[in-house]
Amino acid sequence: MSNSRNNRVMVEGVGARVVRGPDWKWGKQDGGEGHVGTVRSFESPEEVVVVWDNGTAANYRCSGAYDLRILDSAPTGIKHDGTMCDTCRQQPIIGIRWKCAECTNYDLCTVCYHGDKHHLRHRFYRITTPGSERVLLESRRKSKKITARGIFAGARVVRGVDWQWEDQDGGNGRRGKVTEIQDWSASSPHSAAYVLWDNGAKNLYRVGFEGMSDLKCVQDAKGGSFYRDHCPVLGEQNGNRNPGGLQIGDLVNIDLDLEIVQSLQHGHGGWTDGMFETLTTTGTVCGIDEDHDIVVQYPSGNRWTFNPAVLTKANIVRSGDAAQGAEGGTSQFQVGDLVQVCYDLERIKLLQRGHGEWAEAMLPTLGKVGRVQQIYSDSDLKVEVCGTSWTYNPAAVSKVAPAGSAISNASGERLSQLLKKLFETQESGDLNEELVKAAANGDVAKVEDLLKRPDVDVNGQCAGHTAMQAASQNGHVDILKLLLKQNVDVEAEDKDGDRAVHHAAFGDEGAVIEVLHRGSADLNARNKRRQTPLHIAVNKGHLQVVKTLLDFGCHPSLQDSEGDTPLHDAISKKRDDILAVLLEAGADVTITNNNGFNALHHAALRGNPSAMRVLLSKLPRPWIVDEKKDDGYTALHLAALNNHVEVAELLVHQGNANLDIQNVNQQTALHLAVERQHTQIVRLLVRAGAKLDIQDKDGDTPLHEALRHHTLSQLRQLQDMQDVGKVDAAWEPSKNTLIMGLGTQGAEKKSAASIACFLAANGADLSIRNKKGQSPLDLCPDPSLCKALAKCHKEKVSGQVGSRSPSMISNDSETLEECMVCSDMKRDTLFGPCGHIATCSLCSPRVKKCLICKEQVQSRTKIEECVVCSDKKAAVLFQPCGHMCACENCASLMKKCVQCRAVVERRVPFITCCGGKSSEDPSDEISSGNIPVLQKDKDNTNVNADVQKLQQQLQDIKEQTMCPVCLDRLKNMIFLCGHGTCQLCGDRMSECPICRKAIERRILLY
């Protein structure tokens, strides 16, 4: 039976659109929460292969642990015959069927259900496949919605893993825009995307049909929102799973004492007076939230959220089985007992004869659970069920009894021990238990009364917690003051090693921390995970508690068991406000965690630009930006490796990071960016002045890497076209011709080739050889690309990089002055930020990228007459401000720009801005290629920055080693507080000059 079900899931699941599931532990492989993928195939009943819309393909678990949820199974073609969506009229419903539990015969398809059609207060049954068990869901009004992202209308895409449509897209790497999600076939809805390619072509492509993925998104789009917890888990027979073993529809009781329940409810929905009905009434599990807390509905119609540890599952006990437990008697029902009505229609009709008889209106009660309201003299039962009352034969119902066993789940042992302790305490009636409960509830009078009794232990525990800890977490300051007067142990630990100050940080109780500090509590105390209260406050996002702890002298840089400091945690939680507070308090940015990442590394790895901006703005020492990990990676290496462009820009421009640092493999950040084909990072590093000819441990330069990657991609394309291993030796010449031909087929379309050309155009050496004696050109079998590289390099050497344009710009002044688009009007529009002039004002709005340098056009300024003489048109570009407001004669007299008052460092002639060569000093030219304007000054700027860093580093070393009092002698005496001076100054002092603590002992350094 299990095998047939597994086979069915495997067949029916292929093509389903999925999102991450409840047991997901694979980081951002999918692109992040809400990103969508396609089930490609099943490796086994336990493993499924998914291709995410971002192109990542991997195996995931679908048995035992469940990594995926089904967002839409319509592409699989599963249909529910005889049904119709009552909103969009789809007939039959294909995919998941959503049936209203409160309306008669009302169904929705997946799109309409997640699109909030029908009443949001109504609960629905989810029917995943025809004939499968229907699952009752929480109403959508109370459920969490998240946004789906991936290949939807508006997404930018390239060809994907299953592409087989030749060059419809214009060639590998060409992009297109998804205009609509459509049906590949009538039996497979939502399984294709209609794409308009940049070359003008448009067509329909598979996204889910038979598990195929013709597309990969490079820029995802929103696909509407969906109810995450309502989506079925892929591979699971019953979607209502829960670590506590409870499922939607289960009957549950509360068998614990009121005070214990109230204690366990902290952090799990809390307790209100209206919940007293739950102590004597059996409820039905109607939902399981994202924190695995249980939502229970009661006969009154109320719904309450519970900690799973509070609830006991009620099992069905047949009357015959119960009778065996009695001594020769039959099962005796009592008023208030829960009973389940017999499922068998024919049997119950027979049993009801002479016992109230059978009525067709009783049909909905079959299999339902009700409560005994009255027991008649003939033993017949009056049962309240389904909102009405009926008389039943005792033999037609089964008694429902609570199970006596402990809760069984993954963390069951821990919960069982907790409950056992609670029961033991309950039975003993210990005063310590009453004290803890009173402290937790803020009952000052009761606490005062209990503390007067001689046999109470102020440090006694209940459920592993002391009164001090309970009061701290709940913010009961008055009780804390009472306990402190009784010499309570403020450092007492619970089972997790948490002290009262940890509990206060967890509960966001700044006032409690202040009281504990006055009571001499250790604010740097660590629990069993080596976390300080500051760690906990940062992780919970309690900014005021963080500030309070730091104000009272809490150490800002202690490490937990994983080596993370509060800085690491603030970066992970994306709390820039907390990060800034920690840095202002002197948190150490250089401390590394167990993986070797300091705070800068961590922010670069996470791709968190806002955190990086805060870190760089508050760095105590600028050279920290170049700190290496054990493997030699700096923060810039990590940003380049992971294509975090914004982070890399901050490191380069704000942090002045050294661009040429090498890791243990002697690779620079540029090596890594080229190797991973991260074009934007490559452009950023080259323009910032990264050296292009640094060799790694194999002697390879970035240009070697680019050409090797290009050649390998060409070979892979060749292998897709024919089986290379079977080519006969006689065909060898034609094979070489084919390899060469691939280069001419689309060299400029491939990012590796374009990166290689970009490097060559910016001066990369074509002749440098690696340790195998290979030059970059030796790694390129494509003669067309070799010629292009040589041409780019030659143009760079001859200073004509600007002539690398499709139009082959002539230096003829008339040609340079005419608009490159219409050729009718003269050029009169300045593009920013590149500073080129390529079009007239009429054509400029249509230009998105500069026609000379291919940079994105961010601003367009029409060139007016000279603001000084008003006789001629403005013809000189001022740098660095980028304004053109004066003619050649007037511009030569200016020291500052008349428009913005910025100092003029360079003057660029009009002809140079148009892409031509000026007859003036080359130092005044603006490059028309992809080279920064200030190329000449770059080396001097870098040298000055390096000298400044060294000066600051020397000053920092002096501050650490010199006596802070006299500033003349070396520090060679240390006090017990940790500070120090020189011996001469130290011998004359009675208190530390830094912290003002009394000097108890002086220790000389040797």
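Here the Cβ of each residue, glycine as well, is placed from N, Cα and C on the backbone.
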**Study point:** Feature zinc finger in Swiss-Prot, mapped to one of the ranges 80-132, 398-450, 451-503, 557-609
**Key:** 80-132
Check your understanding: CYS88 (Zn(2+) 1 binding site) has how many other Cβ neighbours within 10 Å of its own Cβ?
Key -> 14
Check your understanding: Can you tell which of CYS85, CYS100 has the most other C-beta atoms within 10 Å, given these are the binding-site residues?
Key -> CYS85
Review point. Can you name the far-off residues of the same chain, 6+ from the ends of the repeat 'ANK 4' (529-558), with a Cβ under 8 Å from a Cβ of it?
Key: 496-497, 501-502, 504-506, 508-510, 513-514, 517, 523, 564-567, 569-570, 573, 575, 577-578, 581-582, 585-588, 591
Exercise for review: Let me know the most crowded of the binding-site residues, choosing from CYS109, CYS112 and counting other Cβ atoms within 10 Å.
Suggested key: CYS109
Review point. Looking at the binding-site residues HIS118, HIS122, which sits with the largest number of other Cβ atoms within 10 Å of its Cβ?
Key: HIS118
Study note, to complete from the structure: Cα of HIS122 (Zn(2+) 2 binding site) to Cα of CYS109 (Zn(2+) 1 binding site), in Å and rounded, measures 15
**Study point:** Long-range Cβ neighbours of the repeat 'ANK 8' (665-694) (under 8 Å; 6 or more residues past either end)
**Key:** 632, 634, 636-637, 639-641, 643, 645, 648-649, 652-653, 659, 700-703, 705-706, 709, 751-752, 754-755, 758-759, 762-765, 768, 930-932, 938-939, 942
Review point. Do you know the DSSP helix, strand and coil residue counts for the repeat 'ANK 2' (463-492)?
Key: 17 helix, 2 strand, 11 coil
Study note, to complete from the structure: Comparing the Cα of CYS103 (Zn(2+) 2 binding site) with the Cα atoms of the binding-site residues CYS85, CYS88, CYS112, the shortest distance belongs to CYS85
Review point. What other residues of this chain sit with their CB within 8 A of the center of the CB atoms of CYS85, CYS88, CYS109, CYS112, the recorded Zn(2+) 1 site?
Key: ASP86, THR87, ARG89, GLN90, ILE93, ASP107, LEU108, THR110, VAL111, TYR113, LYS117
